[in-house]
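*Asks:* Please see the structure below; I have some questions.
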Amino acid sequence: MSSEPTSSIESDNLRRSKRKKFKLDFVAAAHGNNQKKSRKDPHGQGDDDDDTFDDDLNHFEPLSVLTEQDVSMEMFEDDEEDTVSRRRTRRSTAHFQDYQEPDRWIENSGPHACHKCPSRYESKSSLANHTKMHLGEKRKFACELCDFSASTLKSLTHHNNIHQNFGVLSQQTSPVIPVASSADSTLNSSINSTGCQINAPPAPKLDEEAPIAVESVVVHHEDVAEFDTTPPPILEREDDGPPVLIREAPVRKSNRPMKPTQKAQKMTKQRERKSKTVESPKGSLPSSSASSVTPPPVRKDVEKPKIFVKTTKKNLKKTMKITKVRQRCPHCPFTTSTVTRLNRHSGGHKLKEGYICPSENCNFMCRKAGFLQKHYILHKGTLPWPPEYVKKGGAKMKRTFPESEEKKIEVTEKVQKMKKMHKRRANTVQVVAKAQLKSYIKVEVDDVIFKKCNIGECEFLTQTLTQLIVHKVKTHDTKTAFPQHRFLCLTCGHRAKSYAALRTHKLIEHTSTHKRFHRTYYLKECVGDKFFVKYNLSKVQEEVKEEPKEADGDESGDESFDSMCPASDVHPETLAAIEMKDVFFCCNMCPYKAPTMNRCQRHYDKHFKNDEFKCQYCSWSSRSKEVIVNHEKLHPTVVVANTNEAPVVKNEIEAKVEVLSKTVSSPVECTEESSLSKSIQLWCQREKLRHPELDEQFTRKMIDGVKGFQCTDCPYTSKYRGDMRSHKKRHDIEQLYRCVQCTYTTNRPVSLKDHLKQHAIVNMSIADIKSRRVVVNQGVKIGMRRGVGKDKIYCCDKCPYVTLALGCLWRHHRNHRDTAKINICSNCSYSSIDQRKMEEHTIIHLGLGLNEAVPFVKRVDQKGRPVSSLTDLNSEKMNERKSTKRKMLDKVEKMEVGEDEEDDEESVDKGTDDGDYKQRPEKKRKQSSEEPASDPELFGSSSQPTRQLSERATRNRINYSLLSKNGSGKPTPSTSSANLEKLAGSSGGASSESPEPDESVEVSHWKIRTFLRSEYGVKESLKCPDCPYKSSEPDVLEKHRYYHMTKTTPRPYACSDCTFNTYTPTALLQHLKLHSEGVYFDPMVKKHMKHRKGDSIPPGVKGYYCKNCSFKTSIHRNFIEHSAYHRQQLINRINITLKRQPPRIEYQRPKLKHQFVAKNAKYCKKCTFKCVSQSNFIEHLDRHGWNQLYKCYSCDYSDNTKSVVDFHQLNHHIVKDQTLHSICQSAKFRLENGVIQIPEFQTEKSKPTPDEFVSKTRGLLKCPSCEYFCHVSSELAFHMSVHHLTEPNARETISYLHMGLVPPKATVTTV
């Protein structure tokens, strides 16, 4: 390869060492040591297959140099394989292929070429790594033909091989092997003999049908001779400039061959130009290292081939756009390429008003001046600014369409006339609009005020507003001023758009009835005297007080002086009349008065101080001059006026009322104020003077010799101001239960009951004071009126309802109907549909009623007939009704049997055998043999009665709705009236005389409720349209439907059958149970379901498609079974997630100091039971009045299970309104059950004292004659001996309490 022989020994040794290294590398490659090199390295070797090599090295033959034909044929074979597989094999990318290639062979094919050297790569990442070798600092091994440098000799050797095979410059495409011929073969052999090798890599394969155009280079023998004789020039890196790059022919981006399905296309000149490739010039490089470089041989210059530019679609589009014919406007120089733009532009030539183009031959107009400026650019001139705006009759328009001068003059005259007419109409409209219908000018003629028309110079005068409005409508045509409001009220001038609106206005404004005084009286009763007086006197006080009262800064600390000192502009008599507070304490040295002793003492001390400012009438002094001025106003007039006044209080009040009447009538005349409002104000002023405590929250009262407080709205009293303030808050807030006599509200019915009892004591004291019958509504008597003045009350004549307002009594009495509605009170005829009203009514019976039975609410049907419930089964009326009905049925049955069997009269007369009843087919109820009554003598004496336990006894252990037998193995007795009488021990009467067969039909709460719902028209349950969920309440169904919608972000747990989605897995499990009802899923079918893809659905047949997989079928049953498979999978996944969740910390309810009570809690009227659930509340109420085996000591609660009754006694009777006897009974019960331990100093037989009973049952002893209460019985005995010794049976009760015994028939209660 080199022209100069190497003479140095070092070069020979270096070549020998390189040969040894190549041999070692060759042996290592044969053993597969370099298989794990990175494929992304553009210079690295690919992985070699181990199967192509043998383990024995002796079989390897020395490498043989191949000819160009062999290499070219081998490369063409590789290319054919690439086109078929479209993926390069490891062998094609390896440097050593079958170990028959030359040591300088390198593959250099790919769509990505380097612009500084002939290297080509398959990927952009490989090219990027290669370009980094051309950039940056110079490394240890650098190339002399380009700026390539590497840190290893192997990379440089690989780069030099590329230069040697493909030349110095960057190749544009993969070179194509020329067609072999005889001349070429001799040429190749001669070239190889000289040491120059011309190797060409394979060309990319094109379509098989398309012809391949190859540009071959023909070399003559003369050129070869010259090529051999001339020595190659020495290439120096410093002298050579940058190589001239030949333009690369376009290569397809995907580097894929053409599709085989493409049809063969004819060869054209343009395609021939595209298919031709240019062979890049080749150079030569030394085969050794960079230190021993020899220049490449000189080659003859080859003519540069012609370069043809590829025409793409974009270039074709550009040329097409240029050659298109542009559309031109006939009126102006505007041109465009589309018809739509031309039509849009021509619309500007057709406008009738706007900014017109100043050009003579152009009539283009636009509505904005900015667009006209863009248009005028086409005329190539300066646009005069501002442009001219032309309307329909403008001169500019006429210039474009020339007409005669006469027509122009006519048009201008018409336009001017029209303008004048419009101006006149606008002026008249403005004048009429300014002069409103109700406005006028006051004119006084002979001391009579007239109303003059204010439109123009009209001289119309009238005294009424209606005549003025009619005048304006007829004379001045005021309707035209407001064409949208054509309808006009001639009375007040109101305008309306429609006749209906005018009609409603007249009905509302001009047909009002006369205000009656009794309506105001009812309003006063409803809102109360306090609010009524303040509301009606607020206007009068504003008129009297011209200037607001300023707060006086008293530095001396006299807080009471600001409230007592009058304003400077108010008359002293008016001030005395407006005063509302009674004065209790007076100063001895001046006329100052104070409501408290402390304020009066502070004022009195200032008489003996020497401050800066002193009073001129007394020795009182102060540090503020304003305070002294206000103090001096108390001296002159008030003292003199008090000396001449009469001692009678009545005359004083009447004098003040006269003064106030003058102040009411003194202000400016008010035409709209009626005499009724004046009379109401005078009445309110009298009430305010008679009852000055209306403005106070509470008043003082002596309680047990101690100063206390009493509420001004109700009889509540307290010794402490804090308790009174908390009580007053109950009058201001709105809560669940409300008092009927005041504004007291509470959430607890027990508190309302205690509050009503305080009213009952006051009502009893005024029961006999002027009681009169109240008659309203055509002679209907609704109640009684008792008391006088402020203490007047109205009482219902059918129940203990009491109110302060007559209207409230009238509304209450309407609920005492002849035919009840759904709910009715057990103690009176009060009925209502609302359950809340019934609860409040029962509290009235408990609080205001005297010696009444405990009320409860009954249910009635639509006709007013009572509906039987479990609480009514023990009543005598129910027993009588059942027994009479049973007798009638028995008589009818006997008569039917007598007609059928006249011969067997004896069997009919007996009536005890059950065989006769079983033979009757029309009798549908079940009959059973009568059980013999249990005899206590047979089984020995026992403390408890022996009888059958009902299903209630085992309701906590087993679901009693499924019970058919109780624990004893015998059938459960029915809850008919006959069996209840037997269980209660009632013998005799009509029921004992007639023998009755026992019925084994079970009756429980859920059966009774379902029967009542079916009988009395309860609403049917509503079904969800998306899933099987049902509910009878629409609100609940609406909440369920909310989880079928996904308005927000989707929830994590969704159903597989419908659109239901929720936040918790447990809620989804509950929902999936609805879909699983009635669907049987066999777990053994899982495998078949999993691999089943579905059935083929013929056209026109309804199909069912699964939304979770590709299953489809036309059979609905198969679809249900398939969806059950998905549902079961979802259930299994949810169960697994629930099991894998970490255990939650058990919730520990915080210990509360006070018992928490829900706002919607329901309270029992007979005990202290309360709950939120309606079903639990009904179940508890049913046990009250149920005559069962075990009974409560304090109420009528009973049950067949002893533990249930024990729990009731321990928790539902926390000493509320019980007698001392019931307290002792409950305490005894607690002692027996171990809740209360017996004291150590007592034996088991001795009973605890009442003090221990009361203290351990958490109760307070209350005196029966007053409000006193205590904890110990000895204190109560002492209290009764001091205050109530004269009461009947008081001595006997006191003696029992002193001895620590329970008094017989005690009336002592607990709080």
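Cβ from N, Cα, C; glycine included.
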*Asks:* Labelled zinc finger by Swiss-Prot, one stretch among 415-437, 645-667, 668-690, 737-759. Can you tell me which?
*Replies:* 737-759
*Asks:* Under Swiss-Prot, the annotation zinc finger belongs to which of these stretches: 517-540, 1261-1284?
*Replies:* 1261-1284
*Asks:* Which stretch, out of 196-218, 1162-1184, is listed as zinc finger by Swiss-Prot?
*Replies:* 1162-1184
*Asks:* Which of these ranges is annotated zinc finger in Swiss-Prot: 451-476, 763-788?
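*Replies:* In Swiss-Prot, residues 451-476 carry the label zinc finger.
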*Asks:* How do the residues of the zinc finger (1162-1184) split into helix, strand and coil according to DSSP?
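*Replies:* For that range the per-state counts are 10 helix, 5 strand, 8 coil.
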*Asks:* Report, as numbers and ranges, which residues of the same chain sit near the zinc finger (823-845): CB under 8 Å and 6 or more residues beyond its ends.
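*Replies:* Result: 737-738, 740, 749, 752-753, 756, 798-801, 815-817, 852-853, 855-860, 866, 1165.
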*Asks:* Take the zinc finger (451-476) and find every residue of the same chain, 6 or more past its ends, with a Cβ under 8 Å from one of its Cβ atoms.
*Replies:* 431-432, 435, 437-443, 445, 488, 490-493
